[in-house]
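Per TrEMBL, these features apply:
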type	residues	note
TRANSMEM	61-82	transmembrane segment
TRANSMEM	94-113	transmembrane segment
TRANSMEM	125-146	transmembrane segment
TRANSMEM	152-170	transmembrane segment
TRANSMEM	177-201	transmembrane segment
TRANSMEM	213-231	transmembrane segment
DOMAIN	314-441	domain 'Guanylate cyclase'
TRANSMEM	586-607	transmembrane segment
TRANSMEM	613-634	transmembrane segment
TRANSMEM	671-694	transmembrane segment
TRANSMEM	714-733	transmembrane segment
TRANSMEM	745-765	transmembrane segment
DOMAIN	859-1023	domain 'Guanylate cyclase'
Amino acid sequence: MTVHRLRKIHTIRQKRRKHGTCTLDYDDERLWESGYLRARCKELKLEEEYQKYQVRLMNSYLGVFYILHIAVTVIYVAQLLLLTDHTYRVYPDVATHILLVVLMLLVLSVNFFEDFVIRHRWVRVFTSVVASLLLLTADLGLNAYHYIVHDWPIISAMDIYSLCMIYMFLPIPSIRAAALLALFVSVLYVLYYFQVVYFLSKYASRSAHTYDLFMLDVFHYFGFNVMGIFFRMMNDTMVRSSFLDRHQFIMEENWLRDALHQEAKLLHNILPPQIAKTYMGSIKDKIMQADSDTEFGLRNYQSSMAVQIHSDVSILYADVVNYTHLTTTLSVEKLVMVLHDLYGRFDMAAAIYKVQRIKFLGDCYYCVAGLVEPDPDHAENAVSLGLSMISHIQEVRETRDLDIDMRIGIHSGSLFAGVIGQAKLQFDIWGADVDIANHLEATGKAGYVHISGRTLSNLTPSMYTILPGTEEAQNDPVLQKHPMNTYLITGTPSAIPSRRVTHYRWHQSAMDIKSRPNIESWSSYNSVTEELREEFDKMPVGGLGWYRRCCRYGEAPKNEMREIGLFCATFKDKTLEKNYLQQPDYIFKGSILMAWLIGVCMIYIQIIGNDDICRLCVAGHMVVFTLLTFLLFISWYKKVCWWRDGQNEYKKYSKFSCIIFHVYEKIQRSLFLRITCYFLTIGCYYSSLCMILVDCDKNKFDLEFIESKLYHYDISYTTCFSPWTFTNMMALILGMSYTFARIPFALKTCIGCMEAFVYLLILFFEYHFVFQHSNTTAPFLPSEVAHCDRILLMLVTLYMKERRIEFNAKTNYRLNVNLKNKQQAATATNQSIIILLNNILPARVAQHELYYENYRMISVMFAKLMNFKMDLPSLRVLNCIITEFDILLSRYKEYYMVEKIKVVGCTYMAACGLDFSMVSSVRKGRLTDLERDRSISREETLDSNDDTYDGVVYLMTTFALDLMRTLASCNRAYDSMPIDRSLSSTEIAIGISSGEIMAGVVGASQPHYDIWGNPVNMASRMQSTGLSGHIQVTEESAKILMDYGILCRPRGLTFVKGRGKIPTYFVELDENLSFVSTNPNMTLESLKFLSNFSGEEELNESDKGETKGSTRLNT
């Protein structure tokens, strides 16, 4: 149930309690209306598939009928041969029934040819009519034969059985057609007996009261037809509802599976599968344990370091030569297009050569060969990729007329690879050999691959042109720590095996993730897929499958059959059985209407069956009628109100109406109350039935019987009671006991067996003298045996049919539960992937709404942790520090638009202002109407006050200061721990710059979110040229900070690569790591700005976070 639905119900209940009025909520009941279900099937274009399922289902019912009818015929023939005194008199009956069973089964067997029946749908109705007429002809023909030839009036043996056959077993697809056929058969039976009564005048002691006897038959058949019509309507409703439920769950499961595959494909292109699996497992566990209404996010997730050691790999670093010049000569948009073109080519080449791209930082692209899976050719693959990258950049240089080239360094060795931190999870590598590869690139030569001697030892030299390394490499301090020879390589990339070419195509649609369709929009699907048809073929049609070995349709899984009991069809899992029984009954009003109609029939039958007026009986009938009418009123009052005012959803109903609605809803949702109504109805029936027995005097009946034999007259049926009237009423009660919907089948079976047992006691013991002298169904067959046959046949027929329906309903319920469990697990997996994607990419990028976007004012920060050794203990410390930084970031991200971009080695990169309200232009993407309107309205507001953009510089600097405070807290925590003191002496150098940038996703198979522009380059230079324990900013950023009252001390002219010497500033901090103010009043204004920006209560979050961080680290 959706949150909207729960809120709606809660609102209705509140109104009822507070104001005594309410509105009508008929949504749930409407979903179970037969008209709605049929319209829904047509809307979803499922009617054809439903008809096929209905054919299979009815053929299953027909298979049960075959067994039942053969068994009934065999038992009846055996009774005729064994229990009659003059066997020769029943030979015609035996021959007729044997011939009848053969003809009926032959006619109905046509329906098992499913394809033929689907093409010629009239066949089902035609064969059903022929079978019914055969049974009717045989039954009435035997009656007429024995009456005309032997002058022996007998009772029909198959009238009630034929009605049960038509409604419950014959493959008649339409309820209307089944009702017409059953009514036609009933009319023929009534007309036959009417003919006997009026024109032959000797039938079954009916010389008097002919009109009453005629009406008795009419109401008997009317009651059985009402019960049969309700049974068909209920069965059709349940089957259609199960069919639509199966369709809904299949569609959702298929969508979740496809979405999971697509999103996992994207995720695994950003994080290697072995790393992603570690994170997804922990996230999924927390999602499954969380409350459904609790939003799961970063704050619920505890980070763990996922780092692996790889001992034999080759690391490739590539750098675009003259990139700094490009950033100053090209527009940001053109720069991003160039990088996307380059990185798309590089990603394709990396996929071909089985090299894992790690990430890129501006113009730096680095990757590892032999990382995802061990590869003895990792060095060759890395060098081939390097040469391919040089070839690609030269091609781009020519086509775009750019002065660019590629400088590449490769080293073979070992490294640590994995994910650290908590937000924006990105795969990275660390280690001394990683630093060597980086410096080989930095000291290399454009257009060549600069490799170490260790890498060369893994190559075949004859395949390449090898030159001595550069002089810069000999003088590089990092390379000098590990004395080695370096070489420059050029040549042609190694040949690409054909099997590698197809590897890339799997990644090409990594960003093509489809949005989940609304359930209501599934009707727009024009066709039913083969997969959907296969799932529909798996829907159960019952437990008997002897005829399936020659047919193609499926059967319920054997494990499903083992989970359901054999006799009472109960789940062996008690919890599952309880949940099944606790389902609301939205067709309860149909059961009550049927109960009321049958109750009225029984009252009328009892009244016209007695000549004497019994005051006690009249009072009892009035009580029964009142109780049944009261239940009918409660059940149908809501429906009548909906018929009258269904279009007016906001109509207020009186307190009386609200009470009726509430009582009815309580009954619908309560199994106990439904069972109570069930027992109340059965009790009403038995009270009427018992009134028939009240006036029966055994002595008077015996005397009249003796006199009728002596003086040759027919005994009056009113002397005691009509035995066949009593038996038919008992059959009605038995049918009602089984047909009442949403009552446990085991309870129905117990009640039915008890009713049959009580009837047998009455038949053979208490009133044996009455039944013994009644008419029989065959010459010389004991009358009590004929009565017993009717009740037992009714009991067995109802049991077999109801068990089949219960089995199908429970099997469908079990399959739907399994599908829900799969859906829940897939949803949790899907959510974990989405959380990771949103953790890796900004939410709007993870939703694939934008390709890149331009921002007019963004503040960028680079913060590097100094004095870090790249070994495992240091990585653990680095993970803890980065995690604390991410926890601090989560507060800034939520309230102050601070976004983590990436972590490269020990450098933490973040930006402030990456928000739709600050987007100045959007390219190659789309915004929703709401977001577009929001951007326009915010831009109009911001255009009138451009100083508002300057706040991002203040926020970024404040975040940088909190990073320094967090690091100081971490250092203090490590000082108190018995570990290497070098791990607690970490310092941080921070650089900040601001201005216009471009942000977006580049790369082909491995999309990567990044930002570009002069502020990014300048922030990186501010950090690299800065000092530990200081925040260095550009002149533009310093002026903004001083406007906010933060003192910035000029450092002087600093040499910046690509820009020459420029003035830079240090943000002045005191010994407590707080800003030094130029003016106390200005500081208050700054604080006021922050309060207006996000809420005054959030200002001290960073200080609180420092304390929390210390506690966490100590733990």
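Glycine too: its Cβ is placed from the backbone N, Cα and C atoms.
Using the rule of three or more Cβ pairs under 8 Å, pairs at least 6 apart in sequence, the transmembrane segment (152-170) is in contact with the transmembrane segment (61-82). For the transmembrane segment (213-231), the residues of the chain that approach it from at least six positions outside its boundaries are 159-160, 163-164, 166-168, 175, 178-179, 182-183, 186, 189-190, 193-194, 197, 206, 590-591, 593-594, 597-598, 601-602, 604-605, 608-609, 717, 722, 725, 728, 731-732, 735-736, 739, judged by C-beta separation under 8 angstroms. Confidence for the domain 'Guanylate cyclase' (859-1023), expressed as mean pLDDT, is 75. Long-range contacts of the transmembrane segment (613-634) within the same chain, counting only residues at least 6 positions beyond its ends with a Cβ under 8 Å from a Cβ of the stretch, are 592-593, 595-596, 599-600, 603, 606-607, 660, 663-664, 667, 677, 680-681, 684, 687-688, 691, 694-695.
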